[in-house]
Amino acid sequence: MTRRELPDPADGHPDAGEERARERWEEFHTGALADYASERDRPDHEGTSALSASLKWGELHPRTLLADLARKRNEGAATFRGELAWREFYADVLFHDPESARESLRDVVPDDAWIAGAEESDALEAWTAGRTGYPFVDAGMRQLAETGWMHNRVRMVVASFLVKDLRVRWQAGARHFMRTLIDGDLASNQHNWQWVAGTGTDAAPFFRIFNPVTQGLKFDPHGDYVRRWVPELGEIPGKAVHEPWKLDEQPAGYPERMVDHKRAREVTLEAYGRR
C-alpha cells in the first residue's frame, strides 16, 4: 500500500487537543445537556457529550466540568454529575484494589459456567466482527471497529451479550475494549464490565441480563442506528430491522443468530444459580 492510499488515522475521530475539547464542552453544556437525562441512552441521537476521550487523555479535567455544572439546576446536569461520579468512584476502587483490573471482585460465577477453547475463540471472533445475528449488538461492534468508540448504552448491551448470552469471561471482552477504544480507561472499563457480569461493587442481582432485541427496540426505535452500521440490513424499514429472522427471507450476507436469547438466558441463570 502506498503512502497516498493509507487511511487518515484521524478519520472518524473527534479533533484532539484541549482547545477543541473545550469547544465541544461549551457546545454541549449550553445546549444538549438540558436533555441529557432523557437523550443519553439513544445511540441514534447526538445526546451525549462525546468527551470521554478528552477526559481519558487529560484534555479536560473533571473539575472543569463540575465548575460549570455547579451553576446549573436541571435534571441533565444532575445526571451528568452522576456519571462523572461513577468515573471517579471506579478510579478509587482500582487504586485500592489493583487486582480488580484482572480478577472478579465477587466470586459469583462457577468456573464451569464459561465456554473455553475453540468455542470461546469462535464466539469472540463473531462478536468482535459484529456478526452475532443480533443487529443492535452487531451495530455497536462495527461502530467500535470503525471509529474506536461506541455509545455507552450499546457498550452495556454488547458486554451483556458476550458474558450472559455467549458465556465468555468478562476479562476477554474488557481486553478487546481496551485494545480498541480511543477512550479506554482501565478503571472505568474493567469495572463496567464487572458491573455487567454481576461480579463488581454494586448490589445489583446477577440475573440482570440485557435483552439485545428489546434494548434495540427501546433505544433505537426507528432502526436508524442499526441501518447506519449494518448495511446488510439497510433496506429493512423501521423497527423490523431489529428482528430480521422474522422476515420471509434472511437478508443476504447477514448471519443467523448465534444463540437464542431466551434459551441462553436460562442457561446462564442456571449456571449463576449454582454458586
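Using N, Cα and C of the backbone, Cβ positions are placed for all residues, glycine too.
The region 'Disordered' annotation in TrEMBL covers 1-24.
Annotated FAD binding site per TrEMBL: Tyr36, 48-52, Phe80, 83-90, 183-185, in sequence order. Long-range Cβ neighbours of Asp183 (FAD binding site) (same chain, at least 6 residues apart, Cβ-Cβ under 8 Å): Ser52, Ala53, Leu55, Lys56, Trp149.
Annotated domain 'Cryptochrome/DNA photolyase FAD-binding' per TrEMBL: 80-272, in sequence order.
DSSP assigns Trp114 (site 'Electron transfer via tryptophanyl radical') to coil in the three-state reduction, placing it in neither a helix nor a strand. Cβ neighbour count for Trp114 (site 'Electron transfer via tryptophanyl radical'): 17 (other Cβ atoms within 10 Å of its Cβ, all protein chains included). What TrEMBL lists as site 'Electron transfer via tryptophanyl radical' is Trp114 (among others).
DSSP assigns Trp170 (site 'Electron transfer via tryptophanyl radical') to a helix. Sequence-distant contacts of Trp170 (site 'Electron transfer via tryptophanyl radical'), defined by Cβ-Cβ distance under 8 angstroms and a gap of at least six in the same chain, are Ser104, Ala159, Leu162, Val163, Trp193, Gln194, Val196, Ala197, Thr199. The site 'Electron transfer via tryptophanyl radical' annotation in TrEMBL covers Trp170 (among others).
Annotation comment: TrEMBL describes Trp193 (among others) as site 'Electron transfer via tryptophanyl radical'. Other C-beta atoms found within 10 angstroms of the C-beta of Trp193 (site 'Electron transfer via tryptophanyl radical') number 27, with every protein chain shown included.
Residue pair Ala85 (FAD binding site) / Trp114 (site 'Electron transfer via tryptophanyl radical') shows a Cα separation of 32 Å.
There are 23 other CB atoms within 10 A of the CB of Phe80 (FAD binding site), with all protein chains counted.
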